[in-house]
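**Q** Below you'll find the structure I mean.
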Amino acid sequence: MGLFNVTHPTSFLLTGIPGLESSHPWLAGPLCVMYAVALGGNTVILQAVRMEPSLHAPMYFFLSMLSFSDVAMSLATLPTVFRTFCLDARNIAFDACLIQMFLIHSFSMMESGILLAMSFDRYVAICDPLRYATVLTNEVIAGMGLAVTARSFVTLFPLPFLIKRLPICRSNVLSHSYCLHPDMMKLACADITINSIYGLFVLVSTFGMDLLFIFLSYVLILHSVMGIASREERLKALNTCVSHILAVLAFYVPMIGVSTVHRFGKHVPRYIHVLMSNIYLFVPPVLNPLIYSAKTKEIRRAIVRMFHRMKV
């Protein structure tokens with residue numbers, strides 16, 4: 001018998017928000033606004049960094065990577081969310097679900113890696129400013145971007161095959177309006193220990209380690225800043241980190257919440273699972289462009305100049 005010669009449904013049935021099915025058309029409006037902000041805001045930042053020579057610096061190149069991952073994440077979830085809430089078309093083919101699952105998890109891991117790279121940028125800028133230009137060269141930045149991308153796709157490459165080897169015969173109804181690995185593996189009528197162990201390994205070895213190194217980088221940054229004599233200079237140095245800290249919180253707090261609920265919240269109401277997952281996937285791409293536009297005056301000025309040139 002072949003490895004994948006097991007029982008699979010031809011399609012899965014996606015779910016919006018349990019108990020609020022009649023309100024899905026009304027919820028479609030806010031969701032469309034969120035997608036518009038996420039796609040529009042991050043695209044504007046990408047264009048501003050590309051067109052503005054003053055933003056051709058490591059910090060803004062990393063910001064471009066973050067914006068790209070947010071656009072990619074939004075595009076990965078948009079088709080099924082739109083069909084579920086706007087058209088009440090809830091079917092998704094089995095293989096299409098596997099592809100979406102892989103893309104969502106990959107772009108999420110990519111964002112985590114980019115946030116780690118951005119913390120390294122802040123560490124070098126504050127703790128070793130004289131070597132900043134020599135350490136973070138264009139070659140190093142491009143290399144870090146490729147490493148983050150390769151890590152995401154290589155690490156998560158087994159996930160579709162781990163799902164495909166499982167017989168799915170309990171149900172074909174998923175808990176969300178998109179496909180996630182924990183959601184799909186729970187529908188299997190077979191031992192899912194390998195999937196659970198691999199999922200936990202990925203969570204700890206990538207997201208967990210990224211968060212640990214981000215925390216350690218800020219411990220070193222804080223230690224260095226406390227050594228600055230001038231209070232004004234200390235505040236100035238810390239202020240350059242505020243946008244990144246907010247982006248880290250916007251990404252990791254919902255992710256930790258989702259992971260905790262999925263693994264330990266068996267008796268938590270179903271709508272809490274759905275709400276936490278939606279916050280995790282939808283909120284960071286919306287907040288990141290708003291955070292950096294509001295807190296970084298160079299970004300604001302570049303955006304204003306870009307739109308001014310468009311009008312002219």
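Glycine too: its Cβ is placed from the backbone N, Cα and C atoms.
Sharing the features that TrEMBL gives for it:
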type     : residues : note
DOMAIN   : 41-292   : domain 'G-protein coupled receptors family 1 profile'
TRANSMEM : 26-48    : transmembrane segment
TRANSMEM : 60-82    : transmembrane segment
TRANSMEM : 94-120   : transmembrane segment
TRANSMEM : 140-163  : transmembrane segment
TRANSMEM : 211-229  : transmembrane segment
TRANSMEM : 241-259  : transmembrane segment
TRANSMEM : 271-291  : transmembrane segment
**Q** Thinking of Cβ pairs under 8 Å, which stretch from 60-82, 211-229, 241-259, 271-291 has the most of them with the transmembrane segment (140-163)?
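**A** Comparing 60-82, 211-229, 241-259, 271-291: 60-82 has the most Cβ pairs near the transmembrane segment (140-163).
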**Q** Can you tell me which of 26-48, 60-82, 94-120, 241-259 gets the most C-beta pairs within less than 8 Å of the transmembrane segment (211-229)?
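**A** The listed stretch sharing the most Cβ pairs with the transmembrane segment (211-229) is 94-120.
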**Q** Restricting to the same chain and to residues at least six past its boundaries, which positions have a Cβ under 8 Å from a Cβ of the transmembrane segment (241-259)?
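**A** Distal contacts: 66, 108, 111-112, 115, 118-119, 122, 126, 203, 207, 211, 214, 218, 221, 276-277, 279-280, 283-284, 287-288, 291-292, 295-296.
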**Q** Report, as numbers and ranges, every residue of the chain located at least six residues beyond the transmembrane segment (60-82) whose Cβ falls under 8 Å of a Cβ in that stretch; write 'none' if there are none.
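**A** Distal contacts: 14, 28, 31, 35, 38-39, 42-43, 45-46, 49-50, 92, 100, 103-104, 107-108, 110-111, 114-115, 117-118, 121, 141, 145, 148, 177-179, 247, 281-282, 284-285, 288-289, 292, 298-299.
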**Q** Return the average pLDDT for the domain 'G-protein coupled receptors family 1 profile' (41-292) as a whole number.
**A** 91
**Q** State the residues, same chain only, that lie 6 or more residues beyond the ends of the transmembrane segment (94-120) and have a CB under 8 A from a CB inside it; answer 'none' if no residue qualifies.
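**A** Answer is 8-12, 59, 62-63, 65-66, 69-70, 72-73, 76-77, 80, 144-145, 147-149, 151-153, 155-157, 159-160, 163-164, 174, 178-181, 184, 202, 206-207, 210-211, 213-214, 217-218, 244, 247-248, 251-252, 255, 281, 284.
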